[in-house]
Amino acid sequence: MAPVLPGVRARQKSVTLKDVTVDFTWDEWVHLNLSQKELYREVMLENYKNFVFLEFAVSKPDMIHQLERKEASWMPEADIPKSSCPGSKEFAEKKSYECSECGKAFRSKIQLTMHQRIHTGKILYECKECGKNFIYNSELSLHQRIHTEEKPYECSVCGKVFRMKARLTVHQRIHTGEKPYKCSECGMVFRLKTQLTVHQTIHTGENLYECKDCGKTFFYSSVFILHRKIHTGEKPYECSECGKAFKSKTDITVHWRIHTGEKPYECSKCRKAFRSKIQLTVHQRIHTAETPFECSECRMAFRVKRELTVHQRIHTGQKPYKCSECGMAFRSKTHITVHQSIHSGEKHFECKECGKGFFYNSELITHQRIHTGEKPYECNACGKAFNRKSNLTVHQRIHTGETPYECSECRIAFRTKRQLTVHHRIHTETL
């Protein structure tokens, strides 16, 4: 006779999958974020697998089919059929087990017991790497991917990988253009629910933290506190190596890596390493072609928010950086720093091969290609390669026939501005 597994005798008590289903009302369900819905999916599938393992005669409900196909948790809320979600009619049964702590009610005793762990602090699953505790095994499994660096969800378009299915789903909207969250006030659409929530404060006027110095508003206390240090000048974190001070502990931690040479964040595509996670994130957008920051005026998009902020000043005309020497104003701090080197004569970027100095790092990079022979810009029509993108652009006009520079005197057009300048001498010399 085969050994009886623990719990198999429970079949006599007509245990059903519903008895161990973690349920939500429809209102609760639509307020869950993607990560919480993924956790729900994993818990439900785990419970179902346990039933099958213990040889319960349980049929596979429609909901389990949908969870296995990853439908129920991943559709935009408005598109989820109510029959596929907790809170639909098949779930709406009497809840007779009530939590004495918070009053929340459940259909089965096992649901109540699992819920009460929140109040009792009873932890069943502990991470062996860092000691962090979890109520559910599925929560622990997700957490452990931080230590193992496992990222099982890969984008089929650009190859970017993620620890959580929810993150992949959101990322894929960059490629599909899907924006399922629509503002009921103005009709603007967004990829993320958080983006919609932040946007809606424009209509409601709701901002929790307002700076009295500049009027800027914030949703998070931590960001507001950090912002206040701009006005107070407070920089409590000082580097023991060079004396440079910083507003936050995070900033000094990243800065310290300049001295140690540590670059713990490596790109899985090209193996380039970075001092901070944000530097890696921005870099990876080169591979994914992701430009999440879009200008509302002209729809031009950028990889980083700072670039968008500087760009928007083209539309507003704002030039907040003024040169103390000549009074010239600039849109960005980088522009004024480079400009001021004209007055000082200082060239910050020097070629190690020939000693030539440059005001811009981009100029140095282009110059170094003379020494390396690198020509990264190739014509897709004839295969000719160039060390500058501008040279390729001019060359391609041979194939396209484009002549954008037209003489105002005789209407003859040219491929380059230099050709037009030389041509102009014909008219000026005859005067």
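Just so it is clear, glycine is given a Cβ too, placed from its N, Cα and C backbone atoms.
A TrEMBL annotation is a machine prediction, not a hand-curated record.
Per TrEMBL, these features apply:
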DOMAIN    15-86  domain 'KRAB'
DOMAIN    97-122  domain 'C2H2-type'
DOMAIN    125-152  domain 'C2H2-type'
DOMAIN    153-180  domain 'C2H2-type'
DOMAIN    181-208  domain 'C2H2-type'
DOMAIN    209-236  domain 'C2H2-type'
DOMAIN    237-264  domain 'C2H2-type'
DOMAIN    265-292  domain 'C2H2-type'
DOMAIN    293-320  domain 'C2H2-type'
DOMAIN    321-348  domain 'C2H2-type'
DOMAIN    377-404  domain 'C2H2-type'
DOMAIN    405-431  domain 'C2H2-type'
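Panel annotation: around the domain 'C2H2-type' (293-320), residues 282, 285-286, 329-332 of the same chain, lying at least six beyond its termini, place a Cβ under 8 Å from a Cβ of the stretch. Under 8 Å from some Cβ of the domain 'C2H2-type' (237-264) lie the Cβ atoms of residues 226, 229-230, 273-276, all in the same chain and six or more residues away from its ends. Sequence-distant contacts of the domain 'C2H2-type' (209-236) (same chain, six or more residues past either end, CB-CB distance under 8 Å): 198, 201, 245-248. For the domain 'C2H2-type' (125-152), the DSSP counts in helix, strand and coil order read 12 helix, 4 strand, 12 coil. Per-residue confidence over the domain 'C2H2-type' (97-122) averages out at a pLDDT of 75.
Taking DSSP states H, G and I as helix and E and B as strand, the domain 'C2H2-type' (181-208) has 12 helix, 4 strand, 12 coil.
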